[in-house]
Amino acid sequence: VLQSSSSLKASYEDWLLTYGLSVSPFHMRWQTALFNRQFYNWARWKPRFLYLWFSIGMVFGIVAMFGSVILLGKTLMQTLTQMLTEAPKAQNDRMLQVVVSGLSSGLHLRAVPGVNLPVSQLTYFFSAILISGVIHEVGHGVAAIREQVRFNGFGIFIFIVYPGAFVDLFTTHLQLISPVQQLRIFCAGVWHNFVLGVASLMVLFLLPAILFPFYYTGVGALITEVTEDSPANGPRGLFVGDLVTSLQDCPVYSVEDWNSCLGDISQKSQIGYCINAATLQQLSFPARVYRRLDGTVECCSNNSLTDICFSYSNNLDNHLYACLPARKVIEASQVCRTNMDCQKDFVPSLCVTPSLENQTRLIRVKHPPHIDMLFVGHPMHLQYTVSLSSFVPRHNFLSIDLPVVIETFCKYLISLSGALAVINAVPCFALDGQWILNSFLEATLSSLIVEKQNRELVGFLILLAGSALLAANVALGLWMVTAR
């Protein structure tokens, strides 16, 4: 039995070796020489252009190394200040935000599966990580071949659940070339991630022009999904394919307008609606008035699904309430803040305002040709449960989801590729920043610090400080996420 087990183990190891596979706890990798010819072809393409390309990348990598330290230092100070004052800032106000687990860019964890990344976004997340990693390593590989360093192979790995890529270079050749040549190789990965992020940003910016033959924009926000538990779900609600053109008196031409309008509605007080004084008298009926726990007033039956309590004022009394059928009051009505907004055509009219709980709003959503949707609730519930797109298909056979997929994927590439560039530039052990720093010190301090051991000591101390800075940011970022 022992002999059979040993034989099976040997054959399994031989099989792994044959196919370039390596398996260990939490880690699996695959390496191959299948792409070596392609890497050599890329490295021989337009030598003068590639020399300039990787020289620019070298300058960018050195600047990024210093910049990443400043950026992480500011982020750390900002996080510590936020913790001490116990007044969390808005997510967009932070210097950087973590977007990659283990390779993060501000280290306030934001896109980590199992923490707060929606399951529907996992494909974008992992695909963007893999592509960013591949582009990063292609930069190293092509730059190394250009500098006459032997290229052994390219591979892909999975650490726990996160994918990545790597290139296998002949270390002896790397040690024989000059520090400037080494810098071109070590900075190439960071440089390629930066270029990928900029390219994705350009695609995102030019997407309306790119998709113009198939989709048009600027006419509203197209509904692409309404979740089952959404308050916008129902026979009088929103449906996939509807085009929202306004929220209250706020026009909607794009998804950005939709979000901006909802933000304004949630921050401002409830808007009112003009109603003819005679109509008000006709529609209203006696009802018991009582105060809610938050101090607001209710004057309708709790069982009513169509009536809402409205408050208004006249010349004699500033606190009058009427239970009115919401749709009859709102449809074809002008919005208002005071009675003065309603004085037109010498017809006595009043401005009636829904009397709702403090955070609750009544919102009229226009999505022609359908009847307006009347939403009662917190505006953010509408924002989080309805997915939209600014792109409207010109033909019925075109998918309404394609532009959203491209937009979302570009945003992940910008975020994750940028994060990979920033973090790899940090002078920290086991990251590109370690080799960038060592080569930079060799290229600049050889005449000032003659002894190599002393230069290495300087490099070691800087790496120690950079590693501590990165670790502190990661630790505080994780603590802030788990504390919430």
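Every residue, even glycine, has its Cβ placed from backbone N, Cα and C.
For 124-464, the entry in TrEMBL reads domain 'Peptidase M50'.
Positions annotated as transmembrane segment by TrEMBL: 50-73 (among others).
As annotated by TrEMBL, transmembrane segment applies to 124-142 (among others).
The transmembrane segment annotation in TrEMBL covers 154-174 (among others).
Among the features that TrEMBL reports, transmembrane segment is placed at 194-216 (among others). Through the fold, the transmembrane segment (194-216) approaches residues 60, 64, 131-132, 135, 390-395, 398, 403, 406-407, 410-411, 413-414, 417-418, 421 of its own chain, all at least 6 residues removed from its boundaries and within a Cβ separation under 8 Å.
Counting same-chain residues at least six beyond the ends of the transmembrane segment (412-437), those with a Cβ under 8 angstroms from any Cβ of the stretch are 61-62, 64-65, 67-69, 71-72, 96, 98-100, 103-105, 111, 121, 124-125, 127-129, 131-133, 135-136, 182-183, 186-187, 189-191, 193-194, 196-197, 200-201, 204, 459, 462-463, 465-467, 469-470. The transmembrane segment annotation in TrEMBL covers 412-437 (among others).
Residues or ranges marked as transmembrane segment in TrEMBL: 457-481 (among others).
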How does the model score the domain 'Peptidase M50' (124-464) in terms of mean pLDDT? 92
